[in-house]
Amino acid sequence: MRVKEIQRNYQHLWKWSLIILGMIMICKAIEKSWVTVYYGVPVWKDAETTLFCASDAKAYEKESHNVWATHACVPSDPSPQELVLGNVTENFNMWKNKMVEQMHEDIISLWDQSLKPCVKLTFLCVTLNCIDVKNSTNNNTEEATITNCSFKVPTELKDKTETVHTLFYKLDVVPLNVTNNSSISSTYRLINCNTSTITQACPKVSFEPIPIHYCAPAGFAILKCNDKKFNGTGPCKNVSTVQCTHGIRPVVSTQLLLNGSLSEEEVIIRSENITNNAKTIIVQLNETVKINCTRPGSDKKIRQSIRIGPGKVFYAKGGITGQAHCNITDGEWRNTLQQVAIALRRQFNNKSIIFNSSSGGDIEITTHTFNCGGEFFYCNTSELFTGIWNGTWDKNCTSTESNCTGNITLPCRIKQVVRTWQGVGQAMYAPPIEGTIRCSSNITGLLLTRDGGNGKCNSK
């Protein structure tokens, strides 16, 4: 989408031009010529303007998107209008889009405002004495990913401290000295303490996205490309104008795109430069794939409260839960991956398409990262991105085959200390959530990278 501004070459005639334009649109509505008048007089040009947001946010909700949108956005239009521009061709470039940049800035603002009143956890940047808690052969719990740590915290009396014990995920701590036997107590620190200020997310605050509409101010309109096979750059011959976009959920995830919009026809491949393997490939699916994720609860209390001085509480992990995981129907996923391979093969001159898991990097890149019910999941997707397509699929699946009616289970790990992707030097501590957590999403797209050789694609 692009924002266009009406060019004001004759400022003293502007009021009259609006009145005349309105009259022409009313009087000529049944004729075809009015489109030319609307689009050509006055002249439209590219413009950089600040859009405003609209939403159906509920003031009584404590969810962060609702809180932010209640103050930052206007109510959404119950009957939005769209005007098709006949015989109009416009150039679009989704990779250089001011509206997308503004959306990013708004999400940064949302997270910043959500964390401002919350407790800074500078006291956690101390030496942690930790020992593994794995003492059983039960693989259905998260014991192997947990360490039990003791450290000193401030009390109500400024000159006194006390020692407390709590559980941390191993992904959240870094050893200061490595020992050969992992069961022996060792010293650690929190993973982001050397680079970031850590803020604890306020209790009873969640991050479940709601649809946000972006709207053009008076004198501007948003141009929308309606070509069903548009690849993101170049001319678009099916153009319309809208005052506001459709509702966009600001979902933050990696590798798999969740709860987005679908292609109306075939799978669409988009890249700023498909021949440059450093550029991300965005795949828009034409059918959703359901992904169901669970973190089982526990009989024991999962969250414990630790006082860290006057009026401040640190919500620590106090119990072990079941192993977090996600399920995807095998047959649905294989059929989807086949359609993606066919679309990719058209881009790469019918070369064989080989799917592999991520080739390395930060955990946010090597796993499918997303928020599920307030916990941050990091799921291993190596079972998803595997297979070769060279005109035939080496892993054919239909719903009637016995080995494809089951689920692909993705083991997931959880982090509580999360780097806020929108800012440098900032990290968030997500307090543990009590009870069983479940979330169900629709996979509507993929993020892929291509290696430097053939048609080999890695998840990103």
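From the backbone N, Cα and C atoms, a Cβ is placed for every residue, glycine too.
Look at Swiss-Prot and you will find 1-31 tagged as signal peptide.
Taken from Swiss-Prot, the feature disulfide bond applies to Cys53-Cys73 (among others), supported by similarity to another entry. Within the same chain, the residues at least 6 positions away from Cys73 (disulfide bond) whose Cβ sits under 8 Å from its Cβ are Phe52, Cys53, Ala54, Ser55, Ala57, Ile212, His213, listed in sequence order. DSSP gives Cys73 (disulfide bond) a coil state; it is part of no helix or strand.
The disulfide bond feature in Swiss-Prot is assigned to Cys118-Cys202 (among others); the stated evidence is similarity to another entry. For the recorded site, Cys202 (disulfide bond), the DSSP three-state label reads coil.
The C-beta environment of Cys125 (disulfide bond), restricted to residues of the same chain at least 6 apart in sequence and closer than 8 Å, consists of Arg189, Leu190, Cys193, Ile198. Per Swiss-Prot, disulfide bond is recorded for Cys125-Cys193 (among others), and the stated evidence type is similarity to another entry.
According to Swiss-Prot, the feature region 'V1' maps to 130-148.
Its own atom aside, the Cβ of Cys149 (disulfide bond) has 24 Cβ atoms within 10 angstroms in the protein chains shown. According to Swiss-Prot, the feature disulfide bond maps to Cys130-Cys149 (among others).
Sequence annotations record features per position, and here Swiss-Prot assigns N-linked glycosylation site to Asn135 (among others) based on sequence analysis.
Per Swiss-Prot, N-linked glycosylation site is recorded for Asn139 (among others), and the stated evidence type is sequence analysis.
What Swiss-Prot records for Asn148 (among others) is N-linked glycosylation site. A 10 Å cutoff on Cβ-Cβ distances gives Asn148 (N-linked glycosylation site) a total of 16 other Cβ atoms nearby, all chains included.
Sequence annotations record features per position, and here Swiss-Prot assigns region 'V2' to 149-193. Look at the region 'V2' (149-193): DSSP puts its residues at 3 helix, 23 strand, 19 coil.
The annotation N-linked glycosylation site is assigned in Swiss-Prot to Asn194 (among others). Secondary structure from DSSP puts Asn194 (N-linked glycosylation site) in coil. Long-range C-beta contacts of Asn194 (N-linked glycosylation site), restricted to its own chain and to partners at least six residues apart, with a cutoff below 8 Å, are absent.
The disulfide bond annotation in Swiss-Prot covers Cys215-Cys244 (among others), and the record cites similarity to another entry as its basis. Remark: Cys215 (disulfide bond) has Leu51, Phe52, Cys53, Ala54, Val74, Ile222, Gln243, Cys244, Thr245 as non-local neighbours, by Cβ distance under 8 Å and separation of at least 6 in sequence. Cys215 (disulfide bond) falls within a strand when secondary structure is assigned with DSSP.
Feature annotation from Swiss-Prot assigns disulfide bond to Cys225-Cys236 (among others); the stated evidence is similarity to another entry. Look at Cys236 (disulfide bond): DSSP puts it in a strand. Its Cβ taken as reference, Cys236 (disulfide bond) is surrounded by 18 other Cβ atoms within 10 Å in the chains shown.
Here Swiss-Prot flags Asn259 (among others) as N-linked glycosylation site. In the three-state DSSP assignment, the secondary structure recorded for Asn259 (N-linked glycosylation site) is coil. Other C-beta atoms found within 10 angstroms of the C-beta of Asn259 (N-linked glycosylation site) number 15, with every protein chain shown included.
Asn286 (N-linked glycosylation site): 16 other CB atoms within 10 A of its CB, across all protein chains. Residues or ranges marked as N-linked glycosylation site by Swiss-Prot: Asn286 (among others).
Across the region 'V3' (293-325), DSSP assigns 0 helix, 15 strand, 18 coil. Annotation source Swiss-Prot lists region 'V3' at 293-325.
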Which recorded positions are spatial neighbours of Asn259 (N-linked glycosylation site) here, meaning Cα within 10 Å, out of Cys118, Asn286, Cys372, Asn390, Asn407, Cys412?
none
Cα proximity to Asn350 (N-linked glycosylation site), best match among recorded positions Asn148, Asn286, Cys379, Asn442:
Asn286
So how many of the residues in the region 'CD4-binding loop' (358-368) end up helix, strand or coil by DSSP?
4 helix, 1 strand, 6 coil
When DSSP is mapped onto helix/strand/coil, what comes out for Asn390 (N-linked glycosylation site)?
coil
Which recorded positions (Cys118, Asn286, Asn390, Asn442) fall within 10 Å of Cys326 (disulfide bond) by Cα distance?
none
Counting only other Cβ atoms and using a 10 Å cut-off, which of the disulfide-bonded residues Cys118, Cys130, Cys293, Cys439 scores lowest?
Cys118
Using Cα-Cα distances with a 10 Å cut-off, which of the recorded positions Cys202, Cys372, Cys379, Asn390, Asn407, Cys439 are near Asn148 (N-linked glycosylation site)?
none
